[in-house]
Amino acid sequence: MRVLIAGGGTGGHIMPALAIADALQKQYQAELLFVGTPRGLESKLVPQAGHKLELIKVGQLKNVSLVTRLRTMLDLPMSVLHCRSLLKQFRPDVVIGVGGYASGPGMVAAILARIPTLAVEPNAFPGLANRLVGKHVSAAAVNFEPALKYFRNAQVTGIPVRAEFFQLQRRPENGLPHLLIFGGSQGARVLNRTMPQVVARLLEAVPGLTILHQAGARHAEETQAAYAASGADPSRWQVHAFLDDMARRFEAADLVLSRSGASTVAEEMAAGKPALLVPFPGAADDHQRKNAEVMAGAGAATLLLESEMTPDRLLESLTAMLGNRAELKAMGERARTLAHPDAASRIAAMACEVLGPGLKAQGSVPPIAR
Ligand SMILES: CC(=O)N[C@H]1[C@@H](OP(=O)(O)OP(=O)(O)OC[C@H]2O[C@@H](n3ccc(=O)[nH]c3=O)[C@H](O)[C@@H]2O)O[C@H](CO)[C@@H](O)[C@@H]1O
């Protein structure tokens, strides 16, 4: 079967797309083509993973000036036409839209050409592209239940997370507490600025606590300096620019303080880690807040809005959470029940399900577990 995967932008879109591609190749020997934009992370990550990538021009619509929005609107028919010619050349049996810039034109072109489509939505509130095509797709795979209503034939499959997040050792009952702080791939300025103001008091309030803080490449130096100037015992905290071995870092943590990007939250669920979530308020349509609400609603995380996050409120929340190990453990277990270890294979199976019966008969397509 031939599958075209459209979309990208940030790691949050492209990482799940690559995992789905992997499952499609392994389970169904699928032939793949990615369609993305030159400014998205896909232009680096997709060729690196050994896949073919076609680039189209698509502008931004969210959180940009009116002029940029108008230009994007004017460019859109051209992007759809470009996708249409790619569809003619590649002749996919199904088009998967993973959200992000190239997803909208790719899916619109497929729907107009009556090619089966599968939308993948990582966030609790879908992005603009997926909201526009949601009711016209053949089926949709979503990460969170609140997103179901925006699509036709939608199922909660979760989004793929690296396998090692599911295989972590449980924390020892009586070990010294450890806090992991990270703000997504670029770090979170508000965490970088607020933590140094409270770290000395936090370490005093929670005996034995150690902290690992990922600050992002651009802010690591100043965050490190602010921690150093805080007077906190330097043997009990570390600041890093980026963490390559995130699963191991999760394993060592009793609590994670983070943003609530879709993959971040999915990894916390997979790892069974309780979290204090501070959604990025600038995320399109405030979707990080909705992602966080799903985890908090299940009793697996505490939600702290950036607008309400004074240093004292942050200190209070961290001290209260770290001071109650039994509750942290229970929250972690609740997080684990929300995880979806079979997300990639279920999404690959859904891609097969939306094909016509003739094509389905060519591959061994397992029924979708409901
Ligand atoms: C600012 C913004 O709009 N971000 C969006 C973007 O998230 P973005 O791609 O930034 O964030 P996600 O939380 O989805 O993923 C971050 C990924 O980076 C990894 N990581 C991070 C730091 C580090 O040091 N090492 C490391 O490996 C994490 O383990 C995770 O796998 O796409 C997501 C999926 O649509 C959205 O939910 C987010 O709201």
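Placement of Cβ uses the backbone N, Cα and C atoms for every residue, glycine included.
The domain 'Glycosyltransferase family 28 N-terminal' feature in TrEMBL is assigned to 3-140. Here the domain 'Glycosyltransferase family 28 N-terminal' (3-140) returns a mean pLDDT of 91 for the predicted model.
Note: GLN288 (UDP-N-acetyl-alpha-D-glucosamine binding site) has non-local neighbours ASN123, ARG259, SER260, GLY261, PRO279, PHE280, PRO281, i.e. same-chain residues 6+ apart with C-beta under 8 A of its own C-beta. Annotation source TrEMBL lists UDP-N-acetyl-alpha-D-glucosamine binding site at THR10, GLY11, GLY12, ASN123, ARG162, SER185, GLN288.
Taken from TrEMBL, the feature domain 'Glycosyl transferase family 28 C-terminal' covers 179-346.
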Other CB atoms, at most 10 A from the CB of ARG162 (UDP-N-acetyl-alpha-D-glucosamine binding site): 13
Binding-site residues compared (GLY11, GLY12) - highest count of Cβ atoms within 10 Å: GLY12
Among ASN123, SER185, the most crowded of the binding-site residues [Cβ within 10 Å]: ASN123
